[in-house]
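Asks: The structure under discussion is supplied below as structure tokens; questions concerning it will follow.
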């Protein structure tokens, strides 16, 4: 153990030296971003908190899923302990403070606040934990940026209503959000209702990878589900839950608390596979099914034309009253989680295998064109390094949704957990990824995009859903046996970028041996 610890320390020392000596040719300054710009890091409750039964917390859907279907997780593990953030939050707040960020994005565990939903009573211990976390952040000058729902719901709501497939869950979410606004809103200036509902519903109800694991052919062979209908029924209930929460916040809390509220959407950029009209339209159609699916109803009161034409009766319809609720309660900002880009091939006029989640859009997504890959692969399947896509995504959302303020609420680089310790710590690829994506973000801002902040995913390695602990996104390496947090080269680079007025650059050097 002593030898291993000494090796880790030696690696960290070399990492810091490499970061200090890195060349600064292309240049990126914090001053390239507007005054008041938020720079932070992000996490979510299930992925880092642990303490899955502590202090009267109820079981959530991921607790049950990872315990009953461990074979669906790459390493068979779960979030029972994860980063033990519930007990180590003060250490993690200190890490954030030392990093120099001015905001921290985290989510609240619904089952920690309302273990059985609105019928079971509020858990005072859950309220107390998030009060302690929020207060600790504010004492360090860090703004909480709070997500109400990041994939996890109380298990009882899954069994009682069928989760997001049941319309009754809308009232549950409105009640839960009200409890949070009332308990924490005097200190929270940034709220988001949902994280990536456009991604979670597809993994839940098209591919069947996330609980409740519903799907149908050609996407999979689940025991139940309808991949053509259920994702859109669930999304419909999420959108109306969102609208009810936003209406409540704007009516009863915003004026006296002074905060803002939005929603976070996962945005993958789609490039046409060829220059053909069909593939150009396919790329546009993929974006409609990716982005416009949730944002068009919020801004324009209805689903995009492409979805209505293709899905027909499988796409629910809003009543006039529901359209009014959506349009009269627009978000104050849009959160974008952006990581990658991919090619889009038309499947209306060309034969395709429609088994990716773009299949319902009659699009086939592929990472290669003419034998050349779109960007360097990362540890997540289908995720490539394509920095210029950041600018394209931001400009698309900015232009379509009327210059509404945008926050990049997630952006990060994944490594395989079986990478050598030296390369995990000397994460040159992550440094270059962050530098290059930030450069294209600053370019979008110069072109007029209204962007208010950037959050790196993630501050620490954590439980990465069906990948378990087999991939690592953290600026800090975590030893899950000891819970030791070890700064990576990317943490040093990010801190230098945030605290220095001088030019910083990506590291165009290769990792060196720790003992060289």
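Just so you know, glycine gets a Cβ as well, placed from its N, Cα and C.
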Asks: Given that Swiss-Prot assigns 47, 195, 196, 339, 410, 457, 464, 465, 473 to the beta-D-glucoside site, pick the one from 150, 155, 236 that the record assigns to that site as well.
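Replies: That beta-D-glucoside site, as Swiss-Prot gives it, pairs 47, 195, 196, 339, 410, 457, 464, 465, 473 with 150.
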Asks: So if I measure Cβ to Cβ from residue 221 (N-linked glycosylation site) and keep only same-chain residues at least 6 apart in sequence, which ones fall under 8 Å?
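Replies: Expected: 215.
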Asks: Could you state, as a whole number of Å, the largest distance between Cα atoms of any two of 47, 150, 195, 196, 339, 410, 457, 464, 465, 473, the listed beta-D-glucoside binders?
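Replies: Per the listed residues, the maximum Cα distance equals 18 Å.
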Asks: Which residues, same chain and not among 47, 150, 195, 196, 339, 410, 457, 464, 465, 473, have a CB within 8 angstroms of the centroid of the CB atoms at the recorded beta-D-glucoside site?
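Replies: Everything else in range on the chain: 42, 44, 337, 458.
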Asks: Determine the most Cβ-crowded residue among the disulfide-bonded residues 215, 222, 347, 352, using a 10 Å radius around each Cβ and all protein chains in the structure.
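Replies: The largest 10 Å Cβ neighbour count belongs to 215.
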Asks: Can you tell which of the recorded positions 47, 198, 222, 275, 410 lies nearest to residue 352 (disulfide bond) in space, using Cα positions?
Replies: 275
Asks: Within 10 Å of the Cβ of residue 195 (beta-D-glucoside binding site), how many other Cβ atoms can you find? Include all protein chains, please.
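Replies: A count of 24.
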Asks: Quick one: among the binding-site residues 339, 457, 465, which has the most Cβ atoms sitting within 10 Å of its own Cβ?
Replies: 339
